[in-house]
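Report on the structure given below.
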């Protein structure tokens, strides 16, 4: 295989994602392993030819005593290739066993995404390759995943940062061959050989399976699995196209954190698609990355549409059917969100971001929910009751899910979409901008 195979695979992936509008800067997540080093070297070659700057980001998780040596190695290679490189360190307590890989992944992506946002970098590249596609397929298959869970997309979004995976068509062996041919070494992570981790166990199982004398080689097997996943991805893209069409036409997500689904526009659609739409709406309004169970969503949808009930609670949300429209809003139940200390920027309930420049007025202030007895003191400027002819219970439910700024249990600040019934109450209010920006990710829709 030509040394240029990996580079051309990466180049073609970049043009497929970016077209001719290449980003000025492109961040690459680099651990020091063969996969990410191949990504780094090939990306640098691309940048020399086409002009975008490559910035290397390496993460010290603090989980191994020699972790800093991996970061030092990446910095050394970057210095030789005139690549700016930054080490990001995971702070806080570390899990030593049990969900360590999931913990490390979440912490790593949080640091990478935050760095990109703070430095106005819109695109982050990772070194996932064809072997990862196959391993992910078997891991998710054992968890009864949907098509969306079985595939690995070359583009996704995390907190408005585009995550690009340009090496999905390249096998790990090709990454190592590429580095050998261009004379660049890599580091080995000893934890990759620990079979107590599910991904490593799957990797070993695939290797043992392919050693059977009547079976194909491991490279061919992984290539075939990747081909199967590509076929599934084709099916997924068809579902995605239909989903987006229905989402745009039947779903309304308000800037104040509630949503509506017009079920009249979904008549004739299969219940699986209706349930998929409801699942995404629940996840958006809840402000979470985790989707509700499909079986639970199906049961709620069946109960609502059959007339068994007009309201259901699921996934931290309330669903109310009114005139063939399902209203979805946040429902705290007994788990009220913690108050967030007001800073220049703070997040409340994983849904709302509060921005303020009046730092001197914010001492002792917190972002909190509206108490029930305060509902008569504030109203929504969107005039929801007139807009929908809402029942008071729905209106109060939506209002109760919204944030206010308070000091010593007294409201001292309102978002622009809220107003005080008595204007004199606003005289000493602090000024803050409040936006509905839920902590939400999906392979189907970018919100």
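Every residue gets a Cβ built from N, Cα and C, even glycine.
According to TrEMBL, the feature domain 'tRNA(Ile)-lysidine/2-thiocytidine synthase N-terminal' maps to 27-203. The annotation ATP binding site is assigned in TrEMBL to 31, 32, 33, 34, 35, 36.
When secondary structure is read from DSSP and collapsed to three states, residue 36 (ATP binding site) falls in the helix class.
Sequence-ordered, the extra residues of this chain that approach the ATP site, with Cβ no more than 8 Å from the Cβ center of 31, 32, 33, 34, 35, 36, are 30, 37, 38, 39, 127, 186, 187, 189. For the binding-site residues 32, 33, the largest tally of other C-beta atoms within 10 A is found at 32. For residue 31 (ATP binding site), the Cβ neighbour count at a 10 Å cut-off comes to 24, with all displayed protein chains included.
The Cβ of residue 35 (ATP binding site) lies under 8 Å from the Cβ of 127, 128, 129, 167, 172, 175, each of these being in the same chain and 6 or more residues away along the sequence. Secondary structure at residue 31 (ATP binding site), as computed by DSSP, is coil. If you draw a 10 Å sphere around the CB of residue 34 (ATP binding site), it holds 24 other CB atoms from the protein chains shown. Within the same chain, residues at least six positions away from residue 36 (ATP binding site) with a Cβ under 8 Å of its Cβ are 28, 29, 30, 126, 127.
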